[in-house]
Structure formats: C-alpha cells, structure tokens
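Novice: Dumping the structure here so I can ask a few things about it.
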Amino acid sequence: MGSFAGACEIVEEKDDEVRLPKHSGRYGKSVMGSSSKDLVERKQREYHGSLEYDIDMLFQSISVKPSTTRLMSSSFHHHETSASAGPSRTTSPSKRIASMKKPGTPQSPRFVGLSDSVSLKQALRDRCISKASEMAAQKRLSKSAAASPRVSEADRIKSLYNQVSNESTSSRSGLVPVDKGKGSLVEIPLMPVNDKPSSSKSVPQRFEDPSNPISEPSQAGTSFGLQGVGNQTREIKLLHRSNKPGSCLSSGSGDYEIELDENVASPSTHAFVEDDVIEIDKHVTSLPSHSSKKVNATELDKNISSSAVDSEQKGKLDDAPNSGTENGKTVRKVTRMIPRPKQPKKKILLKKKLKIGVVSATYPTKDDEEIVPSLDSSANQLLCQRCHCSLKSTSIDDNPPSYTSSHNPKICTDSLSSVSNKEAHQGSDENSSGSCNVSQSSEADIVIMKQDVSSSNNSGIGAMVEKETENPTSSEKFEFSLSSKDSLGDYSRSTSISEESNLSRFSCGNKPHMSMDVRWEAIKHIKVQYGSLGLRHFNLLKKLGCGDIGTVYLAELIGTNCLFAIKVMDNEFLARRKKSPRAQAEREILKMLDHPFLPTLYAQFTSDNLSCLVMEYCPGGDLHVLRQKQLGRCFPEPAARFYVAEILLALEYLHMLGIIYRDLKPENILVREDGHIMLTDFDLSLRCAVNPTLVRSNSPPGKDPARISGPYNTSNCIQPFCITEPSCQVSCFSPRLSSNQQQGRKPKRGDHLSKTQQHLSRSLPQLVAEPTEARSNSFVGTHEYLAPEIIKGEGHGAAVDWWTFGVLLYELLYGKTPFKGYNNDETLANVVLQNLKFPDSPLVSFQAKDLIRGLLVKEPENRLGSEKGSVEIKRHPFFEGLNWALIRCAIPPELPDFYEYGGGPEAAADSPGGSNNRYLECKAIGDHLEFELF
C-alpha cells in the first residue's frame, strides 16, 4: 500500500512461493496483481478477518485534515458499514485528472487485493495521487524563493503533527486519541504471514526526480540511511516498559508502543522537505527483533538544545524496501513518504548549549510490568520515534572503546537501553556521527541528556556530570569528566584535594595564616636537597634568651636570608632534671597551633643529643623591653588595649583547644616585625579536655551595657549586664564620638533600630569553649603573676589565665605588678591577703580599672571569665568599639626598629671582625631576656 499523510503499512510475504505477475505502470512503478481468480477467492476466505482488521485499524488511526486548498477529505467511512461505498472526493474529476497529467507527478502504487476491498483501496490510491499532485505543484512554486532560508524545522514538525486530527477510537483497536498539546499516537501494523502464499503484497515505488536522488535499496537490513551528520545535538532517551493499552507497533510476536510528543519540534530535530520526502535524523531508538513485550517511549523534553546544520551536510533519504527475518518469516517493510504543504520560510537562529535534564513520569507498578530480555546483537534495527520508519545505523566506531556500544546495544532486566550519538567535532569527517552510549535508569524515571560540542579540538569538551535521578531506589550515577589537564579551571561536584598537593602542604607543617611565607619554601628546599634538616644548616647569629628548659638563638638558614628563632634543649640535662615531659608537651602544643598571635613551628629535629624547635623570629623583642622604652615605663591606655586585645584572642584560641597557658607575663609576649604580638613559651602549659557550647546573653532587656559603666558607678559593678557586648560595632580602635558630635551628625538607618532588635542583636548565641572542669595542683608560674588558688594549693583551672591577664593589664598601664613585695615570700602573701589598689598616677579610665577589678577577684568562681571565658571579657566596656574580626587590620602602636641581622650575610659581613665574628658566644645579654620561672 502506498504511504500517505503519516502512516505506512508493513505486510509480510513468503519468498519462493507464488510469484505474481508484474507490469509497469505509467510512471515506471512496479504493480503486482493476482495470478488467477481462484487464488484471490482462496485468500479472501483465509485472510478475510485479518485483512479487515488491519484496514479498519488503518482508517481509524489516520485521519487527514483538510488542507488549505481543500484537496483532502476530512474522514473515511468504516469498512464494515460501507465497504462498497465509493470514496468521497473533495475535488472534481476534471481537476484531479488535470493534476495527474502534470509531468513528474508521483503516484501511489497500484495493488490488487481482495474483491471486497477494491473500492476502499481505490479511494486511498486516488487520494494519494491528488495529494502528491498538489505537493508537486507547490514544490515548483517554491523554487523561485530557493535563495531564502528554509522553513524552520519546528514549524515543519508542528505542521506534520497537526495533520493528525482528534478522532475517537474504538476499544478493540486500542488507539489513543490525538491531543495536540500532549502528543499523538501513530500506529504501524505489521501483518504476520503463515506458510500459505500471500496474494496481498505491496511494493514500494521509486520516484525518479533528478532534484531528489534516491539511493539504491540497501541489503543491510535497514531502509533509511542517514549521511553527513555533523555538529548536531544528540539525545539520550530512556524507554520504559508498560502494559497499558495504546497504539502498538506489531513486530513479529510482540507489540511495541511508542508515544510521540508534538512539542518535540525544535531546530535540533532535522526534517527537510525535498521532493515530497521528509528527512528525519537522529532521534532513534533501538527496536528489539525478538521480544514479546511492550515499550513506552517517554515524552521528550520540550527544551531541546539546537545546533547549526550546514547545507552541504544534509543527508539524503533512502526509499528502499527492507527485508528482515523474524520468527522464521520474511517481512517486507515499506517506508512512507509524507507530502508537506508549503510553509513560510524563516531564518533559523541556532545556539549551542549544554543541558542536562532529569524528569519523572508515572508508569505502571512493577506487578504490571514485564521484563524485557537482552537484544539480539545480530538484529540491530533502529526505529525513528517520530515517523516510525526504519533507519540505517550511521554510528561509526571511531571513539574510545570505553564509550562505544553502538553495534551491541543491550537492555538490562531493570532498565531499557537508550541510544545516543555523540557530537562530531567541527573538523572531523562529515560522515562520522559518533558512537552510541548506553545508559541506565530506574523504572519510574527518565533521563534526557543533551550535549553539544563546538570545539575543534579534543581538549575543549570540558567535564560534565549527570544529575542523579530522584527515585530513591536508584543508586546509579552517570558521571562524565575529563582529565584535569584537559579541563583546567573546571571543578566537578565531587572535587577532592589530590594526594600530591595534600602531602606537599602538610609535609612541612604549613599553616593557613602563614601559607604565603617564603620561609616555608626555604625549609622545604633544604629538606628536598639534603633529605633532612639539621643544626648544620643554620648559622647561629645571636643568643636571644635562656629559659628553664632551653636557650633561644637567632639563626639564619644557610644560603638564604631567612631568619629563625631556634630553641635548643639538651636532652641529657632535661632527663637529669626530670623536665623532659615539659619539653615534650611544648612540642605537641606547637604542632597544634595555627593562629596569627601564636608561634609557627617550621621544623623540629634532634642533632647531637640536642632537640631543636625552629620557630619564627620576632625582631621587636618582648613587651617587657618595649615597656621599658616607654615614657614613664608604662603604655598609654590605647596601646595597652591593643596588646591585651590580641593576647585575649590568643588565650581564647588556646582555651578552645583545651590548653591552659599558666605563664602569662610580658617576657613571654613577643612583638613581630609588623607590630603585632606573639605568645610564646608553652612548657608550663596544661592540656585538658574542653566541651564547646553555645550560650545566650543574660543581659536585662532595655539596658545598654555599653553605657552602664561611668564615673558614678561604684567598684562593685561586676554584674552580668556589665559584660554584654556593646550595641555599636565600628572599626578597630576607632575614636569615640563625643555627645556634641553625635548630636551634629545625621542619623543613619541603623540608629532607628528598635530596642527589641538591639536586645536581640546583643543576645545572639555565643561560643563558649572554656575548660571549666580542668583542675591541677601544680605550683607553676612566676611569683608576681601567680593566682591565689595556686598559692593556696587548692587546685586551679582555666581561671588562672584570667588572673594573670588582669595582672598583665595592670602592669602595662601602671608599669608594675599590683602585689609585688620586697621578696618572693612577701609577694605571695600580698597576692593572697592584700586588696587591690590603684596608684594615683598615671591616670587610667574607669573602664580599665573596672576590668582589672573583675579579673583580679581572689575567688576563682567569681572571677570575670571563669564561667564563659573570653566571651565575658570581650563584652566589657573597656573594649567598646573594637572590631574583633578586623583586629589584625588595626595599626599597631609601635613598629620595631630595624634589626641589623635582618640584612642577611651582607649586614653581618659589615659588622666588626668580618664574617668570622658572625657566630656569637652563648652569654647573657641582659636581665630582661632571662626567663624568670619559679
């Protein structure tokens, strides 16, 4: 039967049986007829029911809409009710005959069937001839505008689907009515033929039109050939099993149901009108040849990425019969030719994009589904999802084997295979269309993946990771990525640090806040060059100080200008005095530290029974020496606040790690070259457990703790509301505005906050990481800085650091410690018994005195910071206006003087005695460098 308006009939014939006589038609078409009247009558009796059923299905599934020229009728009558009625004509006989006389007009093949159905087939043939004549005339009229762009493919596909009208179907045929918005179902019946000879056969016709050359019939088992596919978008469509009734495609012993969506029309769906033939490429799904199951083709994604198509790369359509063998029977398949009305020509604006979409669909449950076996690799036939026509497999195995499965597609028991042709590069052969990818998904999900490649080389593809389907039962992920060398700058969703970079980062103990320090590279270079680092790689320039367990030297790394502070400890001396545990504790603590106000341990090694710790060098000396240089031997209050604020952050970090410092004094606070401080000496520190918690502020509502303290407050003002964070937060150490300045300035948006909002901002949760449960009975520290609980021997915890913090602030402001006596015994007695007193000079603000009073409370449980640690202290009015997050951006009160050894070997060579005197002897260079330990 000839094809018309969106359908084709596929019938079977038995080879080597009855050979029907053939004769040529008017236009060179082969027409087959019955050999005798007896044969026709016998075939009528044997196949009367089957033929009527197929014709009934054909006329019910296909209804051609009337065209703009009213050349086609709107419907057909049922065969059972009006089998002998003549076909309805929409054109007069004269017009129809005139159209048939036009040169080059193709006509449908004549076929001789049963006597009862001659009138219906004749009507079908006449309609095909009329339609073909109309399209040929329109084709000649459109040649004048050949220079204009082609009609948009979206409009062509849409017009193709619009030709199928809405018509109710009977339950016997199982056809689904057409819905323009949701898709249409097109049925292609395949008639199985038994061993008896067949009298109803259809032969494809050949149109000899020079403008549309048709290739010779293929013997490879397919009827459509696609050529010249390049720079086009491919899709992955996953098919799902279903047993729901619908339009089915009979294939041997099984039915396959394919649902089409008319919204699929897009520039990526290539269909070309050339001499009444529609060329359709790419969107193909492998069709099993030996299967008795049903398959649903899910609706395609509406937003399909488009790609450019060059005119010289357009493929030609083969209109050749396809002979295949199914279940021991020979099947002859006839391809259809769809005439198309003239469409207005438009420009096609194409964009290349990469899109991954995951959509879900509702399908029958597992109880209703049937398992589809694997496909036979020998029968690899492709079926177009839009026109239901067999296509030639154009996949070329020119890709790596790991991504190629074009010739052996397989279907697992829990999912169906989907065929995807990868994009060909611009510079590759136009006949190469990539390889086929087979992916899997769960039964209730559909994954549509579109990929477009516009790069001319293999390194421009990039990494692509497919989203995991939302079905909880699915545990498979599809991930496509390239090497990091091919996709520099691309980050996948499962990014991880490489082992090489990870080892290079932590092999030398690199710290984030010191990651840009050139001293790391210098140390690493020596380790790589010599295999290990030792004392022989350093030149000792100067003795910086002596402590209880070791001596600190200024050293220079040989071959560089990098200066380090090396703490050298004699292992035999430590073992003899039972101080090895203290040295070991300091090494472990230094390894843990990573803070801008704490030392950085660059390396540690043992050389000649000497344990060495290589740390950063602070050329500014310590706060004790720096205080001696100040006028009145005390710091101004702003400078003191700068230093104690950074010390407070260092103590907060230590307490968060479960480290109680216990030896806070000006001698252990060094000044870096940038003016900021560094806390050092951890041999007396105590390690304990800590449990960080979040707490809320308990300040009374409606009160501003920043304004509570003043000249009229008494000394007994250490209340919870005094330690609340101030409402206004400005930059580090910015000058306060007087009342006159505040009255003269313009109000800002933040000034209009309600009291409730201000209270909520002050009552935000605070992190408390104070080791409140830590207890120790050791008598450690310096006499003047010892806490009362240490002297009494009652056991102590983290509160001893806040006592020493108060003593340090007192000394920085007044130039002396608050409880110093004539000797150590009197000093200890004053710490326990004497009340805190403030000298009359220098003048110190009330906020500073109030903070000192809160810190120097003799009962540790009532001491400021004993409950919540640094959170309580940071909220004190003494630190009002301090931005703790940007404290490193604040300008230091004083920068250290230029150090003569900072110039490296050149500066040392200019020193008296030349380079031979660079190495100094270990002798005391001042009392202020000695570590006074109890």
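Cβ from N, Cα, C; glycine included.
Pulled from Swiss-Prot, these are the listed features:
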type: REGION; residues: 20-40; note: region 'Disordered'
type: REGION; residues: 70-113; note: region 'Disordered'
type: COMPBIAS; residues: 82-94; note: compositional bias 'Polar residues'
type: REGION; residues: 189-227; note: region 'Disordered'
type: COMPBIAS; residues: 212-227; note: compositional bias 'Polar residues'
type: REGION; residues: 305-343; note: region 'Disordered'
type: COMPBIAS; residues: 395-421; note: compositional bias 'Polar residues'
type: REGION; residues: 395-438; note: region 'Disordered'
type: REGION; residues: 466-493; note: region 'Disordered'
type: DOMAIN; residues: 538-879; note: domain 'Protein kinase'
type: BINDING; residues: Leu544, Gly545, Cys546, Gly547, Asp548, Ile549, Gly550, Thr551, Val552, Lys567; note: ATP binding site
type: ACT_SITE; residues: Asp663; note: active site, proton acceptor
type: REGION; residues: 738-773; note: region 'Disordered'
type: COMPBIAS; residues: 755-764; note: compositional bias 'Polar residues'
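Could you give the neighbours, burial and distances for every feature on this list?
Specialist: Cβ neighbour count for Cys546 (ATP binding site): 16 (other Cβ atoms within 10 Å of its Cβ, all protein chains included).
Under the three-state DSSP scheme, Asp663 (active site, proton acceptor) falls in the coil class.
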Novice: Between Asp548 (ATP binding site) and Asp663 (active site, proton acceptor), how many Å separate their Cα atoms?
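Specialist: Computed Cα spacing between Asp548 (ATP binding site) and Asp663 (active site, proton acceptor) is 12 Å.
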Novice: Roughly how many Å separate the Cα of Gly550 (ATP binding site) from that of Asp663 (active site, proton acceptor), to the nearest whole number?
Specialist: 16
Novice: What whole-number value in Å do you get for the largest C-alpha pair distance within Leu544, Gly545, Cys546, Gly547, Asp548, Ile549, Gly550, Thr551, Val552, Lys567, the residues recorded as binding ATP?
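Specialist: Farthest-apart Cα atoms in Leu544, Gly545, Cys546, Gly547, Asp548, Ile549, Gly550, Thr551, Val552, Lys567 are separated by 14 Å.
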Novice: Do me a favour and check the Cα-Cα span between Leu544 (ATP binding site) and Asp663 (active site, proton acceptor); whole Å is fine.
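Specialist: Pair distance, Cα basis, whole Å: 19 Å.
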Novice: At the Cα level, what's the spacing in Å between Val552 (ATP binding site) and Asp663 (active site, proton acceptor), rounded?
Specialist: 17
Novice: Tell me, roughly as an integer, the mean pLDDT over the domain 'Protein kinase' (538-879).
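Specialist: Taking every residue in the domain 'Protein kinase' (538-879) and averaging pLDDT yields 83.
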Novice: For the recorded positions Asp548, Asp663, work out the Cβ neighbour count at 10 Å and name the residue with the minimum.
Specialist: Asp548
